[in-house]
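For reference, the structure discussed in these notes is given below.
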Amino acid sequence: MSSFSIPTPSGSSAIPIVAPTTEKETPKSPPPSKNLAANAKTRTCRNLIIHGYCKYEGKGCEFNHDLGKSTSPPNSPETTKSKLSVNSPVFKPSVLISSIPPEVVNAPPFIPKSTQVNPPEEIPVTPTSTPGSPQKNSGEQEYDNEITIYEQSMGFYPPVPPSTPFLLSPGGAGSHGLNALANSFASLGLNANANQFASNENSIPDVLSHHHMNNTSYFTTSHHLDPFLYQSQQALLPQPLRYHLYTSPLPHVSNLHPHQKTIHSFFMSDHLREELQQKNEATLKIVNAKDFNLPEELHVYHSLYPLDQRQEKSIKIFGYPSWVYKSVCLVDGRVYCLRRIEGFRLTNEIAMSTIENWRRIRHANIVSVREAFTTKAFGDHSLVFVYDYHPLSQTLFDKHFSPSLQPTNLPQGGGTGAITETVLWSYITQLASAIKTIHSSGLAARTIEPTKILLTNKNRSIRINCCGIMDMLTFDGGKNIPHFQQEDLLNFGQLIISLACNSLSSVHNLPKSIDYISRHYSLDLKNVILYLLSKPTPMKSIDDVIAMIGPRLLHEINSVHHYNDFLESGLSQELENGRLVRLPCKFGFINERPEFDMDPSWSETGDRYLIKLFRDYVFHQVDENGYPVVDMAHVLMCLNKLDAGVDERIMLVSRDEQSCLIVSYKEIKNCIDSAFRDLSRRK
């Protein structure tokens, strides 16, 4: 049996195997040989314990090789000592320890100020060292602790500690005692940031609530964090994508010659890349369904993720509390948005047919409706509507009317949150186009309200959301559609006033609001608002509104075309990069292939050897000091010339520098195509 050994340094911590000594024996006086022979037959062979077998069994080894037998004789002193008997004498210590003062014995029991009963703190026990055991210094102990923490972590995120008595869930009992506890830690010197943490104890529940709602997918084993083990709460949050790596070109390299380009010119815009990556990250977020009392599957949808995290649900719009979730469809694997109407019992099955009219509408400013169904998966009667999912969208209410964005009580003053007229005309144009499509289909939106209009991207693109819900909740067979269409126009005018005055209460004081608009905006905007708020004589139409905003449509069309050119330019740059990735893939198929067509040296002979040298020329160059040359511009230049097949010649040198070849990019391209065709053919 082959084995290996590591030489132990001086002062090794290896434990020598020696015969056990009894109380009456001394290590210096060896026992008689007859006692050794008698004890050897009853003692288990150490080779059997360590290795599982003994290669000297039956060849002279005198120790016991049967694990079933007792290692001590029945009447040995060891067996007698290990057994308990009823007649055993009562243990009496020879020396009575009475060093505890009487005031400590009679002290009253400790009663904590907090009502929360906390489990006792675990005290790490340091094992006592035996005479042959190795001793570790403090440096070795710290090193071992670091290894343990690293092994327990997953990815780049720190491990989640178990629930501790120092930090409770939001609103839980015992949070008022954090101040005193932190001060006690500070007095002991156990935590340098204890006072800072104690001063911010009121902010802990909010931080944990936000962390629990947004990042549960990263920490699913526990929801309680120990602030004294992790002094920085920011370090526990999941690390975002590294958007900062995509930096803009520096000023001193921006003014280049026409034939010079920076590496940024080969890729899409940094801001567009960041926006798309943020949307992808939001699309892939998941949570543990049990933590939010969500069903694992809902109809043909799974992986529900709550989008609206506000606990207070308003019933102003629909008359029922509503919830919004992101989910994945089992049928096509795409991500959809689910709007749940809580506590609604569908009494008329014909009302479900109203959703079919909305499914036929496809408009750039309307969130498309997919289907609707009823469910009891949430423990009640719920009605669920399925819409297209637009990641990182926000409502007009959150964008312009959030309490944190209201510096003044408009319309008395413009304030810093006033909307420019260009943005306002963009909103009016898009909403008028969407309402025109809805009314032309014989329907009514009935959701022209700040909380139901989404801003889907940074180019002021808005979409009307929650279409079709009111038609099903208040089903009347379509008798009042003309009335609801007039309400759409009235709500449209009220929305414009609220946006222009930057205040939702401006609709309650129309004279003052109109005066504010006439002083800060153009006359055309004022005329549109007055028409929408006027009484129908006999009926107002969205066509009249479109005729009034006709001159403003040209500016919106111009902005849309400019943004389309910007996106198309970024797409063309990424399209070229996608074309180049096929060449490294072909290199991977050809270079270092172990065997092909019964030839083990196929990748090292003929044209394939030339491809290998070119791969080294592109990716494996070194400088005069022997350091690798990591030059992205060189790689892109070579791959572009290779893909085009230019006649420019280069010199390829073997790794041993004993031979060199002068070839053109066109010849190398022909070699790659020929070798790849050989791999692709089927005999």
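The backbone N, Cα and C atoms fix where each Cβ goes, and this holds for glycine too.
All annotation found in TrEMBL is predicted automatically rather than curated by experts.
Matching 161-199, 434-472, 473-511, 551-589 against TrEMBL, the residues noted as coiled coil span 551-589.
Looking at 39-68, 219-248, 339-368, the range annotated in TrEMBL as zinc finger turns out to be 39-68. Per-residue confidence over the zinc finger (39-68) averages 78 (mean pLDDT, predicted model). The 10 Å shell around the Cβ of Ser393 (ATP binding site) contains 20 further Cβ atoms across the protein chains shown.
With a 10 A radius on its CB, Arg339 (ATP binding site) counts 23 other CB atoms from all the protein chains.
Sequence-distant neighbours of Thr395 (ATP binding site): residues of the same chain at least 6 apart with a C-beta under 8 Å from its C-beta are Pro450, Thr451, Lys452, Ile453, Leu454, Leu455, Asn465. Secondary structure counts, DSSP: the zinc finger (39-68) has 9 helix, 2 strand, 19 coil.
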